[in-house]
Amino acid sequence: MSADAAAGAPLPRLCCLEKGPNGYGFHLHGEKGKVGQYIRLVEPGSPAEKAGLLAGDRLVEVNGENVEKETHQQVVSRIRAALNAVRLLVVDPDTDEQFRKLGVQIRGELLRAQAGPEQAGPPAAPGEQGPAGENEPREVEKSHPERRELRPRLCAMKKGPNGYGFNLHSDKSRPGQFIRAVDPDSPAEASGLREQDRIVEVNGVCVEGKQHGDVVTAIKAGGDEAKLLVVDKETDEFFKKCKVVPSSEHLNGPLPEPFTNGEIQKNNPETLAPAASESPRPALARSASSDTSEELASQDSPKKEDSTAPSSTSSSSDPILDFSISLAVAKERAHQKRSSRRAPQMDWSEKKELFSNL
């Protein structure tokens, strides 16, 4: 009997949203004394409003997964994991109450089974793309261009009674300033800001390489409004492969291509060229030897090593003879300092030797 009664009851709605520049445009919250997550506010002209989402709707499924018993943060994480598009199965309060009285659990299968003949009715508004069964392959088809178009996001927010509602921190393992946490129902959450996002620009000014205090100061300088250009981890890695700093031009403009070998080969010599031009000879010395102490030695140390190396192989070259009698020469110089007046006698003997050689 419950199935027959459910056939005449209003149906849940499947709302397919595509993220816009300011996010999806709805606020999610939990109500005291009630189980589940509810739509608190739908912004005018937003993707949520166009998809047919209504304030007061209860969220049943996110991308085909039941979320009725999940916490607020778990539901938010599921929605964020959907990248730029999400499918929400929702029910309005009247429909929710009728299904509870009938003892029927709301599921996506119920919508597919009973909504087919009634697609011309009210449920057709959020599902203009076709029945729920047809939406799934289309979403799969969209997943490929979404991955190719990894773009930064512009999160515009106005300060509320408790501030913007996000925490900023720096990660020792990665350069930059990151979003550590986003408070539920905060201006930051409404703007589409996500945990682990990296801030690229603050109010149109690039903050790449800035310290934590500088970024905080830039945000505070905006007064009660802030526009943060951010990238998630995947988008950040994409732009790093392209060796391009994300900017507001990449919100809708052309994206760089990271997977061409030509670009990588052009960029690599630029980074290696300064090191090679500054000290080419030490670079060759490092490649020829695995001894790390050579890197800290001066240019005189290789000369000593070059001179000592052949000493064990030959004894006919003059430099080696000089090194072999270095102690004797030192002693002679010491004696010469002590008895410098006896030097002329040595000069006469040297002159005789020179004359004989000539």
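Just so you know, glycine gets a Cβ as well, placed from its N, Cα and C.
In Swiss-Prot, the feature phosphoserine is attached to one residue out of Ser191, Ser290, Ser316, namely Ser290. When the residues Ser173, Ser289, Ser349 are compared with Swiss-Prot, the one annotated as phosphoserine is Ser289. Counting Cβ atoms from all protein chains shown, Ser46 (phosphoserine) has 19 others lying within 10 Å of its own Cβ. Across the domain 'PDZ 2' (154-234), DSSP assigns 15 helix, 36 strand, 30 coil.
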